[in-house]
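Below is one structure, written out as structure tokens; comments come after it.
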Amino acid sequence: MLDYKLIGFLHMGTLFVGRSDAAFVQSVCAVVLKGNWHKLSNVAIGFCLSSANVNQILLLLSKDASLSWTFFRWAQSLPHYQHSLQSFWTMVHLLTKKRQFKTARELLEKFAFKEFLSSPAVLSSLLSAYDDLKTNTQILNWLMIIYSQSKLAVDAFQIFDQMKNEGLKPDQHACNALLSMLAKSRQTATAWKVYHEMLLVGVVPNIYIYNVMLHVCFKSVDVEKAENLVREMDQKGVFPDLFTYNTLISLFCRRGMHYEALAIQDRMRRERVNPDITTYNTLIHGFCREGRMREAVRLFKEINGAVPNQVTYTTLIDGYCRVNELDEALKLREEMEARGLRSGVPTYNSILRKLCEEGKMKAANKLLNEMDERNIEPDNITCNTLINAYCKRGNMDFAWKLRNKMLEKGLILDHFTFKALIHGFCKVQELDNAKEVLFEMLNAGISPNYSTFSWLVDGYCNQNNEEEVLRIPDDIMNRGFCADKSIYRSLIRRFCKRGLVDYAQKIYVKMQVKGIAGDSLVYTILSYAYLNAGKPIASSEILNNMLKNKLIITSKIYKCLCASYGDTSDMLELFWHQAIEKGLLANNVYKLMQEARPNSRSNH
């Protein structure tokens, strides 16, 4: 009878939805259950289907999840109908409940990014529609994994928080996904917060979660927390695996704790966890980085159960180069090639750097030609190494040609490239070219630092052309760039270092005219420069301005001044005495002064 009514409604081009919406829902269900899909083909039904009655139909058909799924997809194909978030959620719920996990998760992924699913208000509303805790938990676990794998930290964390608030316990896999994403993005504090809250809601960490948290410790170089995690693993009977040990070894080597790293290797042997080449490479790299080549080579010769690879040889080659044993590095490279391991870019870079340091430019170019013959593309490090070497030797023509080749190869000039070129042009007194590279650097979005401006200041001062330095901020602004405080500060610092305090004052005045206020470093440097130039009244006035502007001398500024003017210790002592009298020193500076005094006495 219901089929007959529905067909009658369709023939009329309308549906009886006003007075008996329930009858319409029942009619559609009857048609679907009998498999008479052709009876639903009338265009009018697309206009009459609402998200509310679709949701009802899905629930009425829920005894057969495959039938609900078929109807869901059929409704989705209609040109004038779109599923609501509620109907999506209902369908995922039904599929999950019937253990059709693959289909459920694929559907969840399709609408997880289109809707505000991680919103606490939206989630609470969806969860309240169903009291099936097990199914809700499973869906939220998937959501946490989906957002974590997509690197959507805020969304993933909100899902975790919502589960906690709803009394739902996330599973180990979801927690691992969230923690892994946080570790990779270096959000170590958030990772620890999640870990502790995870324990509070009853999640028992497995080896994968412990390994992720050890990786968090590695990222933050936190040995103490790593050791606590290992003790926790031992107490709970969770056995470390190869990844655990390799992470610990990497952490200890990074901190220079080689004894502890070797102790981990011994524990691996005792627990019959065979080290792989990553284990050996990490240990070898730790020793090479500190120039302890004897220990590095001993480990290399002890490699057992693993095969040395390109990384192993390159690490040793780089180590030999760093301790000025180029011949040993070249011998090892021959051995590497004899074993069928071809040199990669990192290998060439290590040798090139040493050849350039020793001024063996012919040998460096020969190596570069070899790379070309082998179709090994130089990277930024290769080009920057050579550019820097030629700039130091004043061969700017060749350095510029290399810079052009970088651009031709599609390599992006970085701050190393720009700094080397600016330094090189200043060295050969081609200051206009140096300034052009400075503008190119700013155009690339890279901020020059103090050393960059100090080369320009020195270059112009050596030409007795201090006035040109005063024009640098204006030149920068005329090119459409922002001359911020850091630029003025750098010029003031360098003028003061050269004893040209009057020019430093002129830069300071220009800075004020532009509406840029001085900071603690600017005031401190200027005040000291005036004192050092025999102008104590001007020095005192600047300190008074600091006091008026509620600025203090921090430990960082204290260290900076001591490092820059350590050769004028008596004058520095007088300056610090004035600053103390005016109450301008941060509390931690007094501690640094006390620590420095015994050293100064012992030196005398």
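Any Cβ shown, glycine's included, is placed from N, Cα and C.
Tertiary neighbourhood of the repeat 'PPR' (136-170): same-chain residues 92-93, 96, 101, 104-105, 108-109, 112-113, 117-120, 123-124, 127, 130, 177-178, 180-182, 185, 187, 190, 194, 197-198, 201-203, selected by CB-CB distance under 8 Å and a gap of 6+ residues from either end. Feature annotation from TrEMBL assigns repeat 'PPR' to 136-170 (among others).
Among the features that TrEMBL reports, domain 'PROP1-like PPR' is placed at 148-307.
Residues or ranges marked as repeat 'PPR' in TrEMBL: 171-205 (among others). For the repeat 'PPR' (171-205), the residues of the chain that approach it from at least six positions outside its boundaries are 137, 140-142, 144-145, 148-149, 151, 153, 156-157, 160, 163-164, 212-213, 215-216, 219-220, 222, 225, 236, 238, judged by C-beta separation under 8 angstroms.
Listed by sequence, the residues of this chain that lie at least six past the ends of the repeat 'PPR' (206-240) yet keep a Cβ under 8 A from its Cβ atoms are 172, 175-176, 179-180, 182-183, 186, 188, 191-192, 195, 198, 247-248, 250-252, 254-255, 257, 271, 273. According to TrEMBL, the repeat 'PPR' annotation covers 206-240 (among others).
The repeat 'PPR' annotation in TrEMBL covers 241-275 (among others). Within the same chain, residues 207, 210-211, 214-215, 217-218, 221, 223, 226, 230, 233, 282-283, 285-287, 289-290, 292, 295, 305-306 sit at least 6 positions outside the repeat 'PPR' (241-275) and bring their C-beta atoms closer than 8 Å to a C-beta of that stretch.
Mean predicted confidence for the repeat 'PPR' (276-306): the pLDDT average there is 94. Marked as repeat 'PPR' by TrEMBL: 276-306 (among others).
Taking Cβ pairs closer than 8 Å, the repeat 'PPR' (309-343) reaches residues 277, 280-281, 284-285, 287-289, 291, 293, 296-297, 300, 303, 350-351, 353-355, 358, 374, 376 in its own chain, all 6 or more past its ends. Residues or ranges marked as repeat 'PPR' in TrEMBL: 309-343 (among others).
Among the features that TrEMBL reports, repeat 'PPR' is placed at 344-378 (among others). Note on the repeat 'PPR' (344-378): DSSP counts are 26 helix, 0 strand, 9 coil.
Helix, strand and coil residue tallies for the repeat 'PPR' (379-413), in that order: 26 helix, 0 strand, 9 coil [DSSP]. Under the heading repeat 'PPR', TrEMBL lists 379-413 (among others).
According to TrEMBL, the repeat 'PPR' annotation covers 414-448 (among others). Within the same chain, residues 380, 383-384, 387-388, 390-392, 394, 396, 399-400, 403, 406, 455-456, 458-460, 462-463, 468, 472, 475-476, 479, 481, 486-487, 490 sit at least 6 positions outside the repeat 'PPR' (414-448) and bring their C-beta atoms closer than 8 Å to a C-beta of that stretch.
For the repeat 'PPR' (484-518), the residues of the chain that approach it from at least six positions outside its boundaries are 447-450, 452-454, 457-458, 461, 466, 469-470, 472-473, 476, 525-526, 528-530, 532-533, 535, 545, 549, 564, judged by C-beta separation under 8 angstroms. The repeat 'PPR' annotation in TrEMBL covers 484-518 (among others).
Mapped onto DSSP classes, the repeat 'PPR' (136-170) shows 28 helix, 0 strand, 7 coil. DSSP states for the repeat 'PPR' (414-448), grouped as helix (H, G, I), strand (E, B) and coil, give 26 helix, 0 strand, 9 coil.
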